[in-house]
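*Asks:* Before I ask anything, here is the structure I am working with.
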Amino acid sequence: MLGFLSARQAGLDDPLRLRRAESTRRVLGLELNKDRDVERIHGSGVNTLDIDPVEGRYMLSGGSDGVIVLYDLENSSRQPYYTCKAVCSVGRSHPDVHKYSVETVQWYPHDTGMFTSSSFDKTLKVWDTNTLQIADVFNFEETVYSHHMSPVATKHCLVAVGTRGPKVQLCDLKSGSCSHILQGHRQEILAVSWSPRYEYILATASADSRTKLWDVRRASGCLITLDQHNGKKSQAVESANTAHNGKVNGLCFTSDGLHLLTVGTDNRMRLWNSSNGENTLVNYGKVYNDSRKGLKFTVSCGCSSEFVFVPYGSTIAIYTVYSGEQITMLKGHYKSVDCCVFQSNFQELYSGSRDCNILAWIPSLYESVPDDEEALVVSS
Amino acid sequence: MSRKRHRLVPEAFGQKRRREGGDVEADPLRGESGSARAAVAELVRLFPRVLFEDALPPIALRSQVYSLVPDRTVADRQLRKNSPILENKISLHRSVQSTADHLTLTPFFSLSSLWRQKALQEQGEIRIIQLGFDLDAQGIIFTEDYRTRVRVTVQLVNAGVLTVRDAGSWWLAVPGAGRFIKYFVKGRQAVLGMVRKAKYRELLLSELLGRRAPAAARLGLAYHVHDLIGSQLVDCVSTTSGTLLRLPET
C-alpha cells in the first residue's frame, strides 16, 4: 500500500492505479458490519434496488407489496454506527401506489428528481421525487417484468419495457406514449438493459432462451442473437442460437459496455463480447438460479479486475468477470436474494431478499496482520 | 526489512497475507495442479480397465478435470486445444448425453485402438478433413469430403463408431458405452448417498476415501469423487483437518 502511495507521489505510477488497487482490496474484503444497517420498512420481499448514478447517495427499493422506499445512504452523523434511514416511501396508503408487486425501479439517469417503477399490475409509473406524485403512467396489456432507461442517452428518453408478451416496448418519456415495438422474441421478456457505451444499443433476455442485441434505430430486427455455441452447433437442432439451455433471467453489461453477462435457469452464467456476440467461454461453474422472474445482479466498477455479484440462493457469489474464479460467497440473508446493487464510490454492496431485509456489505476495516514467524526468527 | 517491502505491492490485492509453503498436508486427491493434459493422464490411470476387459477405451470426464485443475476457464481452453491429429493415433474429446441424467462426459481415448478392434483397418485410411469442437454435446464433428468413400462411412456407422449429427457431419462414438454409463450413474448416486447419509451431510475427504466402496460404485471411489467435486454436486470446504465434502443447501 505504501509502495503504491510513494510511487504515485514520485510520479512513477498513474494516479488511477492506486485508486484501482485500493478499490479491489476493499471489494475483496466485503462483509457484514455491525456498524451499518439499513432500516427495515418493507413488509414483504425486496425485489429491486437502485442507487442514483449522480451522487450515489440515495437508494430506491421496490417490494413485493408494491411499496417503494427511498433511503439516504450517506452517514451524516458523526458516529461510526449508522442506520440508513428511509427518507420517504410510497406506502400502501398512497393513492397511486402499485397494486401488485414492484418488479423494477430505476432513477432517472441524469438527476434524482424523477424515478420510474414498473410492476405486475401492468403499468410503468413515472414519479416526481420531491412531491412523490405520479407524473405519467404507461399501461400495457401484460404484466411488466422489467424496464430500463439508458444511462448515457442524450438524444432520446426511451424506456425499454419487457413484459409477459414477446414484444419489447419502447416508451418515450417526452411524448408520453409507446413509440416502438421490437419483435423477435417468442416468450416473455425477463430482462432488458441498455448498453452503457452506445445510447441506441439494447440487450433483451427472454424465457425462450434467447438473448438479442438491438439497435433501436433499425426497423428490420435485432442485430445479433447471442449463440452459446458460437455457431458451431448444427443449425437443424431447435436449440441452436440460444444463449442458455433454460430461461435467460438476468442481463448486465460491464461498466465499459464491451462485455455482457447473462444468467440463465440452466445454472450457468456466460460472458459475451457485446460487439460481435461471441461467447467468450469463461467458465464460472454452477451459478444456482431457480428464480422464475428476472434476477438482478451487478458488476463492480473501478476495480482493477472487475467483479460480478450474483445472487446465489440465499447468498451472494462474487466472481472475477474475465477469469471466472469464484472469490467468495456472502452469507447473511435468511431467504433467497433477489437483487443487489454496488455503490462504486465507497465499494459497498446492498442486497435485497425475500426475507424483507436489505443488507449492506461494507469493506472490512484494516486490521493489523500478525508478523511472520520468519521475520521474528531472523530478528531474534 | 527488504523482504517486507517486496510484499506490500501484491498485498494490496489480497486482504490477508498468505502464509507460504506447506502448512496444509497434501490432500490425497488434490495434489494436482498444472495442465489439463496431466489431469487427463491421471484420470485415465484411475479408470478400471479390467472391468470392461478392454472393450472400452479409458474414459475420463470433464467434471473430473475441473476437480484436478482448479481454474475452469483455463482447463476448458487447454482441453479445447488438446486434440492433435497425429499419424495413426488420434486422441480427441467426445461426449455422450445420457437421457437419464443429463450428464456430459468427455472421454479421451485413442481412436486407432478402437478401429483395430472393429477390424476396419483393411478399409484403409480415412482422412479426417475437418475436426470441429461442438460445445454443447462437446463432441467432435467429423465432416468429410466427397472423395472419401461413402461405403466406408456407412460401415462405420453400422459398426457404431460414427453417429449422425447433421447432413455430412458425424460424431465419433464409443460403441458399448451403455455399460459404462450404467455403472457411472449408479456409482455416482451411491457415492453421493454416502455423503448424504453422513451426520450433518458432510464427510472428510480422507474418511470417504478410506471407507469401503459400496457395491454399486464399480468404477472406484476416487473416480467418482473427482466427478462429484468437479460437477459441484458437493461443496469442497478446506478445513484444518483436510478437505471436507458437504452437500450444498440449495
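The backbone N, Cα and C atoms fix where each Cβ goes, glycine too.
Annotation source TrEMBL lists repeat 'WD' at A:39-81, A:95-137, A:182-217, A:241-282, A:330-361.
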*Asks:* Under a Cβ pair cut-off of under 8 Å, which of the recorded stretches A:39-81, A:95-137, A:182-217, A:241-282 contacts the repeat 'WD' (A:330-361) most often?
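*Replies:* Looking at each of A:39-81, A:95-137, A:182-217, A:241-282 in turn, the most contacts to the repeat 'WD' (A:330-361) are made by A:39-81.
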*Asks:* Can you work out which residues elsewhere in the same chain, 6+ from the ends of the repeat 'WD' (A:241-282), have a Cβ less than 8 Å from its Cβ atoms?
*Replies:* 190-193, 195-198, 201, 203-211, 213, 224-230, 288-291, 293-302, 306, 308, 310, 319, 321-324
*Asks:* Can you break down the repeat 'WD' (A:241-282) into helix, strand and coil residue counts using DSSP?
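*Replies:* Looking at the repeat 'WD' (A:241-282) with DSSP, the answer is 0 helix, 20 strand, 22 coil.
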